[in-house]
């Protein structure tokens, strides 16, 4: 009986759980059908919808938005409950709209002071980012006192931020990034005591930043970069004990690095670049326990104070374009977690410190270009480097053969040094090498046996390379050969990392251009200023991804290969200052992206290809050739060209053939009189006076011969 009651009790408990589950589940199922939306909230949303147009995606949508689409387009269509509209969230009990997320919604138009958004009094979250809104929005939202999250980034909002911004006292997140806000930041910003993130970058703010910022004790992120703030950093920033990120770059802040930054013990990222800071870098900066990223570039700092004991947390140190002098400071070798070191464009001298071998476990990007460093490249100190740039120094010797073991190396730039070596064909073993720059050194010899599978940019110009290039030379240059899809191009990234991006200088379209960032789809080949001879390899036509091709200032001969017409992505072509002859291949006229070309100072002749690209070239691109002609050249370049209709032009091949013909004609012309003269003389010798002939011709010749023999 006891077992029966136990069993009955168990059943009762089980049924109770089932009933409870069903009742809860039915509530869940019924919830979407409940009409929560309050009428005045619905009206405000519908009016807001009519205030703006749905247009094209904003310029940044395709990059930053996951699924951009017009969210307001479906509002009101067969659904009267605004709480179920896309981008709208309501309070489950009261039906008040508390969140409005219209980011990436293709919305276009100008905000006015009476915008219906001001009637959504209970909003806590408002996200209008990644649209094309214009005008002044602040007067429309200054009374939304419940807001905790406000994101207006990536729009075209303008005007000043009013002092009434301080009324939004519950804000924890304020993002005005990438707009056109102007004027001074009001001191009432200090009333936002709950704020954790303040993002004002990429606007037109100016003047001194308000010292009231020191009252935001919860602030973790302060981003002010790309504005026109000036003066010294407010000392009250030293009170922000929770601050982890401080970005002040590209303003007009000035002075020395203030000591109160040493109070920011939680700081992980500090960017002071592109301002007017000066003096020495204080030693205490390297003792901040959590500091991971420091950017001091583009200021006028002159040196480093040595720290007592640097913290090992430092991962990225960028100090380019300052006035640093002397040797590279040795304390850098103690930053064992360093992944990026950029000290380019300074006045450092001496050797590259061997102690940098301490960094080999983590260092992936090293940039020391544009200094006065001397000696050779150290061996065996960089194991996992992805990019090495030591261009524009005074380095000597040879490339260390240990480079062939740098299996992660993607970029190698040693341009404008005094390196005296043969072509490093052994670098073909590097599986990830994409950029190789050897220009302006003393490299010499042939460059055969080179096949690079990943190489996309190679610049070996202005060296002493020589010899011929086999016809199949470029067959194995895979990265320049495979045509990328439109999707590949749209998804192209820049070489480098989040904290550092590779750069280089390249001759493009006749101008020395600096690539501040290198796209992963950019391709270029520059062999100019060497002593290459023979024909241009026909396999050049396999490099269908090539954008820039420069073979100028060599001794190439023969015809320009028609296979160049297959370089469908080509934008710049320079084959000037060679010994090329024949016609410019008509196929080149079909290259629709080719905007700059130079065929000058060769022995080219014949009809210049048609096509709009050729019509827009300057006369200097064709000057000093044997006889190029075409309607444009005859009309616009008469000073350097004679129309072919008035003159017959000959290539070196036809000149040789003509010389042969002329020689045969001359021989024939001389042959007939010779026969006549010979017969006449013979007739005289036989029938008339042989004594006279001997007297006239024979004795003088014999006398001369005997005189020569005697002597």
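Cβ coordinates are placed from backbone N, Cα and C, and glycine is handled just like the others.
What Swiss-Prot says about this one:
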TOPO_DOM  31-666  topological domain 'Extracellular'
REPEAT    120-143  repeat 'LRR 1'
REPEAT    144-168  repeat 'LRR 2'
REPEAT    170-192  repeat 'LRR 3'
REPEAT    218-240  repeat 'LRR 5'
REPEAT    268-288  repeat 'LRR 7'
REPEAT    289-316  repeat 'LRR 8'
REPEAT    317-334  repeat 'LRR 9'
REPEAT    386-406  repeat 'LRR 12'
REPEAT    453-476  repeat 'LRR 15'
REPEAT    544-567  repeat 'LRR 17'
REPEAT    568-591  repeat 'LRR 18'
REPEAT    593-616  repeat 'LRR 19'
TRANSMEM  667-687  transmembrane segment
TOPO_DOM  688-711  topological domain 'Cytoplasmic'
Model confidence for the repeat 'LRR 7' (268-288), as mean pLDDT, reads 97
Spatial neighbours of the repeat 'LRR 9' (317-334) not adjacent in sequence (6+ beyond its ends, CB under 8 Å) are 273, 281, 286, 294-304, 306-307, 310, 340-353, 355-356, 358-359, 367-368, 499-500
Residues in the repeat 'LRR 3' (170-192) per DSSP class, helix first, strand next, coil last, are 5 helix, 7 strand, 11 coil
DSSP tally for the repeat 'LRR 19' (593-616), helix/strand/coil in that order, comes to 4 helix, 8 strand, 12 coil
DSSP puts the residues of the repeat 'LRR 12' (386-406) at 5 helix, 7 strand, 9 coil
Given the repeat 'LRR 2' (144-168), its same-chain partners at Cβ distance under 8 Å and 6+ residues beyond its ends are 58, 60, 64, 98, 103, 111, 118, 120-138, 174-192, 194, 199
Per the Cβ filter (under 8 Å) with a sequence gap of at least 6 from its ends, the repeat 'LRR 5' (218-240) is approached by 172, 177, 193-212, 246-255, 258, 260-261, 263-264, 266, 271
The correct DSSP tally for the repeat 'LRR 1' (120-143) reads 4 helix, 7 strand, 13 coil
